[in-house]
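Residues annotated as N-acetylmethionine in Swiss-Prot: Met1. Taken from Swiss-Prot, the feature N-acetylglycine applies to Gly2, supported by similarity to another entry. Positions annotated as L-tyrosine binding site by Swiss-Prot, on the basis of similarity to another entry: Tyr39, Tyr166, Gln170, Asp173, Gln188. The trans-resveratrol binding site feature in Swiss-Prot is assigned to Tyr39, Gln170, Asp173; the stated evidence is similarity to another entry. Sequence annotations record features per position, and here Swiss-Prot assigns motif ''HIGH' region' to 44-52. Swiss-Prot lists Lys197, Lys206, Lys474, Lys482, Lys490 with the feature N6-acetyllysine. Taken from Swiss-Prot, the feature phosphoserine applies to Ser205, Ser386. Residues annotated as motif ''KMSKS' region' in Swiss-Prot, with similarity to another entry given as evidence: 222-226. Sequence annotations record features per position, and here Swiss-Prot assigns motif 'Nuclear localization signal' to 242-247. According to Swiss-Prot, the region 'Disordered' annotation covers 339-363. What Swiss-Prot lists as domain 'tRNA-binding' is 364-468.
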Amino acid sequence: MGDAPSPEEKLHLITRNLQEVLGEEKLKEILKERELKVYWGTATTGKPHVAYFVPMSKIADFLKAGCEVTILFADLHAYLDNMKAPWELLELRTSYYENVIKAMLESIGVPLEKLKFTKGTDYQLSKEYTLDVYRLSSLVTQHDAKKAGAEVVKQVEHPLLSGLLYPGLQALDEEYLKVDAQFGGIDQRKIFTFAEKYLPTLGYSKRVHLMNPMVPGLTGSKMSSSEEESKIDLLDRKEDVKKKLKKAFCEPGNVENNGVLSFVKHVLFPLKSEFVILRDEKWGGNKTYTIYQELEKDFAAEVVHPGDLKNSVEVALNKLLDPIREKFNTPALKKLASAAYPDPSKQKPTAKGPAKSSEPEEIIPSRLDIRVGKILSVEKHPDADSLYVEKIDVGEAEPRTVVSGLVQFVPKEELQDRLVVVLCNLKPQKMRGVDSQGMLLCASVEGVSRQVEPLDPPAGSAPGERVFVQGYEKGQPDEELKPKKKVFEKLQADFKISDDCVAQWKQTNFMTKLGFVSCKSLKGGNIS
């Protein structure tokens, strides 16, 4: 074998560890003639986490295969996706992403000089690109645009036009970046097939699409920037890494939905081609695995203990993160990180309260006083057959009276002594003569027969514990929500139950210090 890899060897490097390839025959033809031009794009929204090492390891493979690789910081996409990145923060977020992605690549030994970096707004605001957006919008149906973005663009009841434009812009990027292939997660598949359908209608060629698997989070679900307990941030301290791994789901012998084992498979093995289990001599001493399936087999047979697996992952992961932490331990990058991701709960109070501003009032979930409650008693409302009157302990000197319309949906005995989730800072309201001092939050699904389930706080929760949306735990709730301002109603529009039955606001989990708030079974339900 010579120094330069053969087309077959290049194909192996490009496609290994991928979940799916669309256009493999075209890929083979290109590799016979010249080097492949490929790009990977990332919308500059939430902070990148350790699962980003999966695309980084593939970028290393692409370079080994001789590919010309472009990394796109999709700043405009970050804004179009329900303004996940506010316009005024776009430049800062993009700078943060560029610095952290480059630090990740350096951490795994990827030469940066072989890569091209670009921003979406470097070319997406040009006359030619804008004209193509209009041309494409005249051909694409609303149905196809919404379907294409279903796994990527935030889904809301009343979608913004910007979110429908998102897939079209991503398709056009393939043409304007002059690439043969686009690389992304399997969650991008619908956008990729959208591009294959519509680019030829503009006279542009169909591209190859390369897809890596989505990395399960430490809780067993997909690793997500919006689930604090499911992911490890690239700048997490060593003690935070230890804490998150210690709490991660890793049942002895269970290889299904095992977030720690999956992390080894999808992140650590592709980067190092081996993994060492570190353990005391009395338990067999250290053992090196060069084939992932052998590690999985030993774990299933309980030859490898969860504690040893977690400790070994912790050591390996910190080796990857140390160079990134060191790079960001400078005043300039510390300042960049705090400016790009400002603490939403920080306010400047005055002696007379918050200063009045001409800016629109900030509608954020930390304004809601949501707590764990325990139902001490349940009675039928004396004047309304559909209402219960509950006495609920929410951590105050006296229990609160809460009226809820659950008679048709939840038997009285299921509510007695149950832990529930209560919104405590609504203005008290008379309901058929009884003052209701809160709202018992429930999941619901509409249909032929409406289904309703009270939200459940994590097991072991205590009355009065605060329920918050991850990232907004430090904010102070309003003393009382003013009905005219409709703060709760505006926030509630983005309340939803995930496919894992977790309560969310804008795809970010409701949680307590013990874990996530959930419901029993109503996937995709609303919350009220």
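Even glycines carry a Cβ here, placed using N, Cα and C.
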Q: Using all protein chains in view, find how many other C-beta atoms are within 10 Å of the C-beta of Ser386 (phosphoserine).
A: 13
(Q) Spatially, and counting Cα to Cα, which of the modified residues is closest to Asp173 (L-tyrosine binding site)? Options: Lys197, Lys206, Ser386, Lys474. (A) Lys206
Q. Considering all pairs of residues in Tyr39, Tyr166, Gln170, Asp173, Gln188, annotated in the record as contacting L-tyrosine, what is the maximal C-alpha distance expressed in whole angstrom?
A. 17
**Q.** Integer Å distance between the CA atoms belonging to Lys206 (N6-acetyllysine) and Tyr39 (L-tyrosine binding site)
**A.** 14
Q) Going by C-alpha positions, which of the recorded positions (Gln188, Lys197, Lys206) is nearest Ser386 (phosphoserine)? A) Gln188
Q | For Lys490 (N6-acetyllysine), the number of other Cβ atoms found within 10 Å of its own Cβ | A | 11
**Q.** For the motif 'Nuclear localization signal' (242-247), residues assigned helix / strand / coil by DSSP
**A.** 6 helix, 0 strand, 0 coil
Q | Number of Cβ atoms other than its own within 10 Å, given for Ser205 (phosphoserine) | A | 11
Q: Whole-number Å only: compute the distance from the Cα of Gln170 (L-tyrosine binding site) to the Cα of Ser205 (phosphoserine).
A: 14
Q. Could you tell me the C-alpha distance between Tyr166 (L-tyrosine binding site) and Lys197 (N6-acetyllysine) in angstrom, no decimals?
A. 15
Q. By a simple count, how many Cβ atoms lie within 10 Å of the Cβ of Lys482 (N6-acetyllysine), its own Cβ left out?
A. 9
Q. What same-chain residues, at least 6 away in sequence, bring their CB to under 8 Å of the CB of Gln188 (L-tyrosine binding site)?
A. Glu151, Val152, His209, Met211
Q) Rounded to the nearest angstrom, how far is the Cα of Lys474 (N6-acetyllysine) from the Cα of Lys490 (N6-acetyllysine)? A) 20
Q: Could you measure between Lys197 (N6-acetyllysine) and Lys206 (N6-acetyllysine) for me? Cα positions, answer in whole angstrom.
A: 8
Q | Distance, Lys474 (N6-acetyllysine) to Lys206 (N6-acetyllysine) (CA atoms, angstrom) | A | 48
Q: List the Cα distance (Å, whole number) between Ser205 (phosphoserine) and Lys482 (N6-acetyllysine).
A: 55
